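TrEMBL has this to say about the protein:
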- Lys61: active site, proton donor (ACT_SITE)
- Asp10, Lys32, 59-68, Thr115, Arg175, Gln184, 204-205: substrate binding site (BINDING)
- 4-220: domain 'Orotidine 5'-phosphate decarboxylase' (DOMAIN)
Amino acid sequence: MSSPVFLALDLPRLDAAKDLATLVKGHVGGLKLGLEFFCAHGHHGVHELAQLGLPIFLDLKLHDIPNTVAGAIQAINVLQPAIVTVHASGGRAMMEDAKAAATGKTKIIAVTMLTSLDDTDLARTGVAGSAHDQVMRLAELAQTAGIDGIVCSGQEVGHIHRQWKTGLLVVPGLRLPSGAQGDQKRTVTPRQARDAGASVLVIGRPISRAADPLAAARAIEATL
Ligand SMILES: O=C(O)c1cc(=O)[nH]c(=O)n1[C@@H]1O[C@H](COP(=O)(O)O)[C@@H](O)[C@H]1O
């Protein structure tokens, strides 16, 4: 079975991203290309990384009116990514239209509440209640919209897994106990997320910023 780990390539340089992916490709199951990568390297960059033969997760976190998001999905269909993200807070119609616009095997998943936010941050955006409740509300909305899954933290994934068995449950914000938190607030270890039912584990800096990225990827793999 292939690894549930998708390596987040949040690196500004294409050659550095390719080198890192080539180095650790035997220890991860896919590559996640996000806003930093796509804004810098666009379709060309995706083609380059796709040559390594791993599934591509295009993390664009689209959030706009339904017509615009559907148009963006149509524009990237040619890349045939395995996964594309939209924001669940864009609403049900937006998620429905994103799903309808995707072709082939591309799965559309919705980011619920970013793992860099906690209850206090949520209150500052004007939303009452806990992060947990907000994630549950948005996960239910995503499920109702008929999309393929959601992104949430490892603190909520167990609860969602019990309610949405077939959903693709993507968990970022993963840290080993000894690792730096950085800007992430709702964190768990990769093993905790997997045990709670995560389908995909997104891991970036614990590998990309490690002194020895290959050793870090192997060490994370050994915990799973
Ligand atoms: O959609 C995502 O992948 C995502 C959602 C979220 O809530 N939190 C989050 O960190 N991510 C992404 O997951 C990756 C986490 O990176 P590290 O914190 O370096 O492991 C980054 O590429 C983020 O863009």
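Glycine is treated like the rest: Cβ placed from N, Cα and C.
This view paints the features noted in TrEMBL onto the structure.
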residue : record                    : contacts (Cβ under 8 Å, 6+ apart)
Asp10   : substrate binding site    : Gly34, Glu36, Phe37, Gly204, Arg205, Ser208
Leu60   : substrate binding site    : Gly34, Leu35, Phe38, Ala72, Ile76, Val84, Thr85, Val86
Lys61   : active site, proton donor : Gly34, Leu35, Thr85, Val86, His87, Val111
His63   : substrate binding site    : Val69, Val86, His87, Ser89, Gly90, Met94
Pro66   : substrate binding site    : Gly90, Gly91, Ala93, Met94, Glu96, Asp97, Ala98
Thr115  : substrate binding site    : Ser153, Pro172, Gly173, Gln184, Lys185, Arg186, Thr187
Calculate the per-residue pLDDT averaged over the domain 'Orotidine 5'-phosphate decarboxylase' (4-220) and state the result as an integer. 97
Which of these binding-site residues (Asp10, Leu60, Thr115) have a C-beta closer than 6 Å to some atom of ligand 1? Asp10, Thr115
If you run the three-state DSSP split on Leu60 (substrate binding site), which class comes out? strand
